Structures are given as structure tokens and as C-alpha cells.
Amino acid sequence: LAGAFCIPLYVPYVLTGRWIFGRSLCKLWLVVDYLLCTSSVFNIVLISYDRFLSVTRAVAYRAQQGNTRQALLKMVLVWVLAFLLYGPAIISWEYISGRSIIPTGQCYAEFFYNWYFLMTASTLEFFTPFISVMFFNLSIYLNIQKRTKMRLDVFHEVHNQPFAEEMERSPEAKLSLKCCKWVQKESAETLDLSKSKAQAAASSSSLDAKDLLATSSESSRKPKGCDKEGCKNSASTLSSEKRMKIVSQSTTQRFRLSRDKKVAKSLAIIVGIFGICWAPYTLLMIIRAGCHGQCISEFWYETSFWLLWINSAVNPVLYPLCHSSFRRAFIKLLCPKKLKIQPHDALQN
């Protein structure tokens, strides 16, 4: 929209120094220009906030990810707020003040030299969004650092832990250890019983039925599968399963942390580009309004003005470069046939 509507009307104005399209088109051009620039800033804040939720509140974020209505409401709200910041002032300023201060053949907003209005608007348009995006980016970075430290601590603790402690912490391992102890105890008791039977056989030729039933009952209480070979296999299986589970969890966590680091890095790039493109114009606009255009060269002001539009040109390229989800969305919009033919390759990117 900036390239199709704003720039084509502004180029003749810059080259000739006169606005030749009339007052009505001038106001429309101003409304659209301020709206597009402001909505661009607010959208950066919204996207940064979305990334912030996806990293710091992942469970709640995934639960609401399919809520299209809420996403559309947020996007509409961004455009409404962007319009309300400058639109009503551009349209109605001259009617409220009772006269217009814009000379014939010129096109700029009535509040162009009103320092108080520009300071308030700049706070809402640049300083607050910039601080918000910085806060979201810093929170994401600190969250990733914290999770990385926790993961490393747990990883080292588990890998440095002796096998006996691992066995004691697991309920299944405790059962296996009990089983092993029972086998050892059972072997000792069987040996003692055999000696007793040999002595009893020397003095008596028969065994009391009650003693026989008691012996049978004790034998039946032995846990199933509690032999020496089973004990060794059980311990080995538990150790192997635990190690595999740790490796699997570590790999998953490492993948998530790598993904979150990319999110933080891309946000840092977006914040940096946003600051470079917007800070010069915002500062020069405030200074220019304070000294009524006498202390700022027209060249530097025009340069800072074009930086805003460069930001609008850079963003559609910057987001796909930094985010695979944006890249897939752009491929889906611009090359739907390519996505259908090579869905696997597109997802990998």
C-alpha cells in the first residue's frame, strides 16, 4: 500500500516542491501514510507479543493456537488503534482550531509544528512500542537462558548419578531390588530347609502334614520371575530404558531451546531494524516541531522520512528470512502449486 499509493504521490511533491493533487487527496494521502506507518509499528509489537507467549507460556499458547477469531480481532484492533492515533487529528484539526495553517500548494498535517501533540503521539507510536518490543525480546532471552541452565543441571545430575541411586529412585527398580533380595534369602532358606529335612529323616520316616502345608505356602509367596537371571535382566532393562528416556527428553529439550533461540535472534534483528528506521525520524520530528523547522536541515528530515518507507519495504522480506512459519505462509500465498508439489521440502525449510 505504501509503494502503490503513498510513494507515487509523494515523488512529484518532492521533485517539484508543490502539491498538485488538491486538498481532499492531500488529506487522504496523509491519513493513509500515517495509518500504514503506525500499523506497521503496532504489528511488530503484536508479533513480538505472540512470540513472547509462545516461549514463556507454551502450553496456554498451544491451547489457543487454533482460535482464528481471536487472532483476527487482534489484527483488526491494531489497525483501529493506528487510525485513531493520527486519523481524527488529520481530518478534523482545522475545524477544531477554526483555521488552516497549511499554505497553498503544500501538503502536511496541521499538527506538523505542534510540539505537545507530536511528543504525545511519538510516545504512543515509537517509544512505548520500542520499549515493549525490547521487554518481550529480553524476557524471551532470559527465559531461554534459564531453561538452558535448568536443562544442563538436570542432564549433569542424571548422568553423574550412580546406578544404585537411580535404582532406588524408581518404583520399578525398587521392585527389582526386592526381587533380587528375595532370591538371595530364598536360596539361604532352601539350604537350611534341606539340612533340617536330612536331620529329620534320620529320626523319623514321615513328615507332619501341617509342616508340609506351611512349607508349600511359603514357597508360593515367592514373586513370579524372581530368579537370578531375571533379576539381572530386569536391572539391565530398567537402566537401559531410563537412559533411553533421558536421551530422548534431552534431544527434545535441545530442539525446543534451539528453536527458541532462533526466535530470540530473529526478534533482535527485527527490533534493531525497527530502531534504525524509526528513531531518526521520531527524534528529528520532535526537534523540528520544537524549533519550528529552523534547526533541522530539509535533507536530513527527508532522509529520515524515507527510512520509514524503507522499513515497510524491509519487513515483508525480513520476517520470512527470520521465521520458517512466515516463509511457508508466503510460499502458500505466492506459489501455492509449489507447496502442493513439494510439501515436505517446504516444511523442512
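In case you wondered, yes, glycine gets a Cβ from its N, Cα and C as well.
Summarising the annotation, TrEMBL assigns compositional bias 'Basic and acidic residues' to 219-231.
Annotation source TrEMBL lists domain 'G-protein coupled receptors family 1 profile' at 1-319.
The region 'Disordered' annotation in TrEMBL covers 213-237.
The feature transmembrane segment is assigned by TrEMBL to 28-50 (among others).
Per TrEMBL, the feature transmembrane segment maps to 71-93 (among others).
The feature transmembrane segment is assigned by TrEMBL to 113-142 (among others).
As annotated by TrEMBL, transmembrane segment applies to 263-287 (among others).
Marked as transmembrane segment by TrEMBL: 299-322 (among others).
Among the listed stretches 71-93, 263-287, 299-322, the one sharing the most Cβ pairs under 8 Å with the transmembrane segment (113-142) is 263-287. Remote same-chain partners of the transmembrane segment (71-93), defined as residues 6 or more beyond its termini with a Cβ less than 8 Å from a stretch Cβ, comprise 27, 30-31, 34-35, 38-39, 41-43, 46, 109-111, 117, 121, 124-125.
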